[in-house]
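Trainee: Grabbed the feature section from Swiss-Prot, which reads as follows:
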BINDING   Leu141, Thr142, Phe169, Pro170, Ser171, Asp172, Asp254, His257, Tyr279, Trp319, Asn347  pyridoxal 5'-phosphate binding site
MOD_RES   Lys280  N6-(pyridoxal phosphate)lysine
Amino acid sequence: MGSIAKEEQPSKVEKPTFSSKANTLEYAQSLDANDHMRRFRDQFIIPSKANIKATKLEKPGLSDESSIYFCGNSLGLQPKCVKEYLQAHLDTWSSIGVHGHFRDLEDSPLTQWQLLAEHASKQCAPIVGAKASEVAMMGTLTTNLHLLMASFYTPTPEKNKIIMEWKAFPSDHYAIESQIRGHGYNPQEAMVMIGPEEGSYEISTEKILRTIDEHASTTALVLLPGIQYYTGQLFDVKTITAYAQSKGLIVGWDLAHAAGNVPLQLHDWNVDFAVWCTYKYMNAGPGSIAGAFIHERHGEVDYSEGEEKPKYRHRLMGWYGGDQSCRFLMNNKFRPSPGASGYQVSNPSVVDLTSLCAALSIFNQTSMEEISQKTLHLTAYLEHLLLTSNPSNTNPAFRIITPSDPSARGTQLSVLLKPGRLETLSDMLEEAGIVADKRKPDVIRVAPVPLYNTYEDVWRFVQIFNAALEKCEEA
């Protein structure tokens with residue numbers, strides 16, 4: 001490996017420490033009292049314990065005791081402002097119809113529809129560390145992955161491999177496999193999968209770089225997750241990108257579990273392309289519109305040979321990728337918008353964009369640096385309580401498989417249970433008003449989100465979790 005592996009490795013983040021009184025309700029409440037981010041919780045609808053188990057549609061019982069919602073890594077909670085934004089959109093549509101495409105209404109929180117995707121891109125850019133022109137809000141994650149692989153995966157008989165992780169999220173795996181097949185190659189030969197060492201769940205940066213060294217001469221693309229969905233491991237995006245590019249490789253990232261969760265600097269890290277969803281940490285709603293990053297060097301449009309012969313990177317074209325100045329000329333001469341917007345295909349859903357703009361308005365009141373500082377302390381507190389609340393247990397009923405190093409994780413902790421405990425424990429947690437995500441065969445993913453979760457949530461969760469574990473052990 002080259003020297004870049006040592007030079008670019010980030011320094012470790014210092015893990016917070018907690019006093020001997022950490023495992024008390026009073027201590028958790030004192031942390032909340034000093035939390036400068038606590039004001040954001042009131043901007044979300046926290047489901048009540050009663051409603052979380054409802055079997056019919058009900059209005060949120062705001063007067064009831066709140067559930068403990070640790071599932072923002074699967075679906076973020078609804079911001080209160082979403083209803084206002086959606087109503088404004090519906091009122092615009094009902095009152096001025098098609099004119100909503102081109103007319104701003106003074107008393108609306110939304111801009112005209114044709115500019116809404118551009119506005120959302122400007123809101124989202126700081127969250128992923130990009131220029132606004134490098135971000136496009138469009139489609140869904142896997143669709144965007146296919147669109148960008150059509151542009152960035154250009155295999156040849158000599159170089160057709162894709163370096164990826166061994167247990168990618170199934171949709172990513174299917175997309176990669178189908179792209180390889182579509183180009184006429186064998187996925188079993190072209191998919192290079194990197195896994196952890198035996199007995200570990202972490203994939204080291206060093207192993208990734210060694211794999212790049214081993215396969216660089218036959219590889220067309222490196223495509224990895226920013227955060228591994230099952231273990232919660234945060235990959236060293238900066239180092240891996242720089243090293244792979246030093247070997248002449250294109251590097252793409254699936255940031256589904258990283259965007260809105262951890263600080264990113266996609267432009268400065270020179271990432272070629274990335275995709276993400278917005279329904280997890282960005283709280284835009286189930287199946288909401290997704291995001292794509294294309295570095296500015298790949299979005300350039302060159303008119304040096306004249307207006308009729310623009311030069312640009314190959315992509316799958318659609319009318320919404322055309323420059324706004326000539327989009328409605330209908331002359332069938334494609335002139336792409338410069339930047340990521342030139343990779344758009346179809347008119348984006350205004351309903352989806354409306355929900356997203358509402359959710360992002362909360363992010364625009366803070367910064368990823370502030371969010372990550374609370375993540376650091378909130379998740380460290382969760383880890384501390386889980387590991388110290390039963391110190392005398394010589395045969396622990398669980399293992400945390402997420403890296404202990406806070407620089408190698410976001411908010412999520414993945415708790416690996418003993419075999420056969422998952423369903424029973426999950427049912428107990430749900431009955432107690434806790435929402436967490438279970439992943440078969442034996443993992444519960446716990447994600448306290450800094451925008452709406454509290455230290456008291458963490459403390460109460462651990463008490464209930466430990467009691468449920470005891471019952472499982474006795475059964």
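Think of each number as a place in line: the chain as shown, counted from 1.
Heads up, the Cβ atoms here are built off N, Cα and C, so glycines get one too.
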Trainee: Let me make sure I understand the structure: which of the binding-site residues listed (Phe169, Tyr279) has the fewest other Cβ atoms within 10 A of its Cβ?
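Mentor: Minimum Cβ neighbour count within 10 Å, taken over the binding-site residues Phe169, Tyr279, occurs at Phe169.
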Trainee: Specify the secondary structure state of Ser171 (pyridoxal 5'-phosphate binding site) as given by DSSP, simplified to three classes.
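Mentor: Note: Ser171 (pyridoxal 5'-phosphate binding site) is helical by DSSP.
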Trainee: Tell me, by DSSP, whether Asp254 (pyridoxal 5'-phosphate binding site) is helix, strand or coil?
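Mentor: The three-state answer is strand.
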Trainee: According to DSSP, folded down to helix, strand and coil, what is Leu141 (pyridoxal 5'-phosphate binding site)?
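Mentor: Looking at the DSSP assignment, Leu141 (pyridoxal 5'-phosphate binding site) belongs to a helix.
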Trainee: Specify the secondary structure state of Tyr279 (pyridoxal 5'-phosphate binding site) as given by DSSP, simplified to three classes.
Mentor: coil
Trainee: Round to a whole number and give the Cα-to-Cα distance in Å for the pair Asp254 (pyridoxal 5'-phosphate binding site) and the residue listed as 'N6-(pyridoxal phosphate)lysine'.
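Mentor: With distance taken Cα to Cα, the residue listed as 'N6-(pyridoxal phosphate)lysine' is 13 Å from Asp254 (pyridoxal 5'-phosphate binding site).
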Trainee: Given the binding-site residues Leu141, Phe169, Ser171, Asn347, find the one whose Cα is closest in space to the Cα of Lys280 (N6-(pyridoxal phosphate)lysine).
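Mentor: Result for Lys280 (N6-(pyridoxal phosphate)lysine): the nearest of the binding-site residues is Leu141.
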Trainee: For the pyridoxal 5'-phosphate binding residues given in the record (Leu141, Thr142, Phe169, Pro170, Ser171, Asp172, Asp254, His257, Tyr279, Trp319, Asn347), what is the largest pairwise C-alpha separation in angstrom?
Mentor: 31
Trainee: Within 10 Å of the Cβ of Ser171 (pyridoxal 5'-phosphate binding site), how many other Cβ atoms can be counted across all chains shown?
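Mentor: The Cβ of Ser171 (pyridoxal 5'-phosphate binding site) has 15 Cβ neighbours within 10 Å.
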